[in-house]
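The next block holds one structure in the form of structure tokens; read it before the comments.
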Amino acid sequence: RGREANDVNKPKGKTSAYAFFVQTCREEHRKKNPEQSVNFAEFSKKCSERWKGLSASDKKCFEDMAKADKVRYNREMRDYVPPKGFGKRGRKRKDPNAPKRPPSAFFVFCSEYRPSVKQQYPGLSIGDCAKKLGEMWSKLTQSEKQPYEEKAQKLREKYDRDMVAYRGGGSYAARNPDSSAQGGEEEEEDEGEEEEEEEEDDE
């Protein structure tokens, strides 16, 4: 089933500024229309049009996120040794049954505070909302960030447990019936991020 050929230890690829933007769009759509499925082609086209319409200042927050992710990627890649049979990229098509990657502390924070920001600033664009959240996060002290770091760490530990079951050939969903409940939405964000990145890679 190709699972053995998937290099699960390879660091997650760099996420572009546009992919972060699309990820934010997807989350906003999911909040507004939780029961509505997304027409991927149509949604991608709308995202592309909205991205082209953003000002340089609106795009800056997403570009900063991409720069930070590039630093993370380069740091992780320094210690990564691809297994035999994998090239430089070593990327295989993602198994849809694989556990969803957990969110970072910042995305846990965004998920919690985005609704209140949107409520406080109803006319705020996606870019401005992301910028506002980024500013709020940067002003937090380390102790204020700690709860989000802890939640992200718990989600990371759960992901690691799920991956052990997944790599062992067991059904992690069966062992973790709440896998789509607590933390599920945050985990979906990261998956969407990778999907958009793959789409850009294919262009």
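Any Cβ shown, glycine's included, is placed from N, Cα and C.
TrEMBL lists 11-81, 99-167 with the feature DNA-binding region. Per TrEMBL, domain 'HMG box' is recorded for 11-81, 99-167. Look at TrEMBL and you will find 79-102, 166-203 tagged as region 'Disordered'. TrEMBL lists 184-203 with the feature compositional bias 'Acidic residues'.
Applying DSSP to the DNA-binding region (11-81) sorts its residues as follows: 53 helix, 0 strand, 18 coil.
Secondary structure of the domain 'HMG box' (99-167), assigned with DSSP and counted as helix (H, G, I), strand (E, B) and coil, comes to 56 helix, 0 strand, 13 coil.
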